[in-house]
Structure formats: structure tokens, C-alpha cells
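Scroll down for the structure; my scribbles are underneath it.
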């Protein structure tokens, strides 16, 4: 199963999946990507 959550530390619109993934990894998640019409950074990991 994959868990997803909005990044707590990512600021502004998400334009780069790479930047989002780096922020998520610093928060202890496996990675992340830009998602949805508002381009939020969503963190993902196995759970």
C-alpha cells in the first residue's frame, strides 16, 4: 500500500517533481511529486 500526504515544508506551487521529492525525503518520506489542479507537493511512501 502507498500512503500519500501533502508536504509540510514545501512552499508555493509545485513546478518540479525533483524539488518536491527532495523536500519529502528531508521530511522522512520516500519521495514525492506535484499533484492536482493546484500543483501541491504530495509526499509518498510504502505503508
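Glycine is treated like the rest: Cβ placed from N, Cα and C.
Computed from a predicted structure; not experimentally measured.
Swiss-Prot has this to say about the protein:
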| type | residues | note |
| --- | --- | --- |
| DISULFID | 3-47 | disulfide bond |
| SITE | 11 | site 'Interaction with trypsin' |
| DISULFID | 14-34 | disulfide bond |
| DISULFID | 20-41 | disulfide bond |
| DISULFID | 24-43 | disulfide bond |
Have a look at the recorded positions 3, 11, 20, 47 and say which one has the shortest Cα distance to residue 34 (disulfide bond).
-> 20
Neighbours of residue 14 (disulfide bond) among the disulfide-bonded residues 3, 20, 41, 43, 47 (Cα to Cα, within 10 Å) = 20, 41
Recorded positions near residue 3 (disulfide bond): from 11, 24, 43, Cα within 10 Å gives 43
Check the disulfide-bonded residues 14, 47 for other C-beta atoms within 10 angstroms of each C-beta and report the one with the most.
-> 14
Taking only the CA atoms, the spacing between residue 47 (disulfide bond) and residue 11 (site 'Interaction with trypsin'), expressed in whole angstrom, is 25
Around residue 20 (disulfide bond), how many other C-beta atoms are within 10 angstroms of its C-beta?
-> 24
Report the same-chain neighbours of residue 24 (disulfide bond): residues 6+ apart in sequence with Cβ closer than 8 Å to its Cβ, ordered by sequence.
-> 7, 10, 30, 31, 32, 41, 43, 44
